[in-house]
């Protein structure tokens, strides 16, 4: 008799995705981040649900409700810090996952890659709106500065900003709608992640060598379920260590001050995972130009498949492109550092140089190095 695991309509879907899924036998730990991102999403939804039970999305009580969660709710401090630091872990996994996709040529699976880019944008939007909810100084001013960027859109800009605000400034209406969207978006992300997985399983995973793995596949379970548990252990160890020992390591001290529209903080900056994009935004003196550069810093991922000039899928055997890739990683770290610095000399010049390098490497230097490598292969 055939196992119900293979015949039951619901069990069959799970079985084909996580148990009997044919998986390349040589994929490394870099392929672990998909399951880690799924874990992060589950952690975020669970902790977020418990936080929403005690949080009040009102300008008069939001800040004190977060203080109440931290002080009075049983393990409220832990739920809150798991949620806040869980977001950091989520973005670390996201960046590593995207980096793996770039390095090993996973962007050639167009549908999977484009859904992944949409997932990244949706996650960034969710994190931004979540940062506004505690209603501290950085919450308020971050929301004001970032939403105000839309006023750079010609003709409809200022109307659009007021429509998003629900008034003439960031206020009660803004906080309420941000809470609404912050609550609903993770479920949309979960749905998009399912579609992401669906498209991935149409083609199957790539592998480090970049050549077809059709002749050599193994079932996902027990091989990769066991392997993924190791990565999961490290993720949970890092998250719990951060939460229990240094919960405020990645947060801004300004956010422990109640939002005050009459007092601007000296340095308005977002959470660390947005600093690279924020640095690109600030490096352009023109407002509209900055907004376009900010959007392109993420949307450029969608044009990467079109700039793929190499005869090989993976970068594993392409030393010139590898140099370009690691230069891009160093450039992103530089941008992250610059995003947290004040707008003054020499940070302005470093930020502008790093921003130019970011787009130059992705759009020009990586395709160029691929063409050189193609030429060298003929020799």
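Cβ atoms are placed via backbone N, Cα and C, with glycine included.
Lifted from Swiss-Prot, the feature list:
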BINDING   83, 182  heme b b562 binding site
BINDING   97, 196  heme b b566 binding site
BINDING   201  ubiquinone binding site
TRANSMEM  33-53  transmembrane segment
TRANSMEM  77-98  transmembrane segment
TRANSMEM  113-133  transmembrane segment
TRANSMEM  178-198  transmembrane segment
TRANSMEM  226-246  transmembrane segment
TRANSMEM  288-308  transmembrane segment
TRANSMEM  320-340  transmembrane segment
TRANSMEM  347-367  transmembrane segment
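Most Cβ pairs under 8 Å with the transmembrane segment (347-367) belong to 320-340, among the candidate stretches 178-198, 288-308, 320-340. In space, 97 is the closest of the binding-site residues 83, 97, 182 to residue 201 (ubiquinone binding site), judged by Cα positions. Against the transmembrane segment (77-98), the recorded stretches 33-53, 113-133, 178-198, 320-340 differ in Cβ pairs under 8 Å, and the greatest number is found for 33-53. Among the listed stretches 33-53, 178-198, 226-246, 288-308, the one sharing the most Cβ pairs under 8 Å with the transmembrane segment (113-133) is 178-198. Fewest Cβ neighbours within 10 Å among the binding-site residues 83, 97, 182, 196, 201: that distinction goes to 201. Residue 83 (heme b b562 binding site) sits 20 Å from residue 97 (heme b b566 binding site), taking the CA atoms of both as reference points. Tertiary neighbourhood of the transmembrane segment (226-246): same-chain residues 29, 32-33, 35-36, 39-40, 43, 78, 81-82, 85-86, 88-89, 93, selected by CB-CB distance under 8 Å and a gap of 6+ residues from either end.
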